[in-house]
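Feature annotations, courtesy of Swiss-Prot:
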{"type": "TRANSIT", "residues": "1-47", "note": "transit peptide"}
{"type": "TRANSMEM", "residues": "56-76", "note": "transmembrane segment"}
{"type": "REGION", "residues": "85-145", "note": "region 'CR-type-like'"}
{"type": "REPEAT", "residues": "92-99", "note": "repeat 'CXXCXGXG motif'"}
{"type": "REPEAT", "residues": "103-110", "note": "repeat 'CXXCXGXG motif'"}
{"type": "REPEAT", "residues": "126-133", "note": "repeat 'CXXCXGXG motif'"}
{"type": "REPEAT", "residues": "137-144", "note": "repeat 'CXXCXGXG motif'"}
């Protein structure tokens, strides 16, 4: 006569040690055990999938890539929102908070001296600043306050 394997020797790949069940011969225990088994069998069961190392690595890389791809834009958006809430009082670095920069062509004089040769010189009004000697700061647009990184204007090519 064939007998079923003892429940105390039941082994599972998901359990580190053999399942140890109390050895009660009462009908209460066997009835409870059969109810639990019946309940377990009534739900869909996920069985272990045999995955090789390359598949596991590929899945991990895919999940991490998606997480990073979503996480970076979310991080930038929160930084922009937080920066907009903070007051910006840092003076502009190029113009030291004045809002104007000295003209690079005439060095702030408003006129350009050109040596024609033979000892002759000609003084003319600066074509860059129109004789004003200074220009509006291109970094802060004349406000004197250093713009935040994402608020800086983009310079377009003159093509």
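Sequential numbering from 1, following the chain as shown.
Glycine is treated like the rest: Cβ placed from N, Cα and C.
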What is the three-state DSSP composition of the repeat 'CXXCXGXG motif' (103-110), stated as helix, strand and coil residue counts?
0 helix, 0 strand, 8 coil
Could you put numbers on the helix, strand and coil content of the region 'CR-type-like' (85-145), residue by residue per DSSP?
1 helix, 21 strand, 39 coil
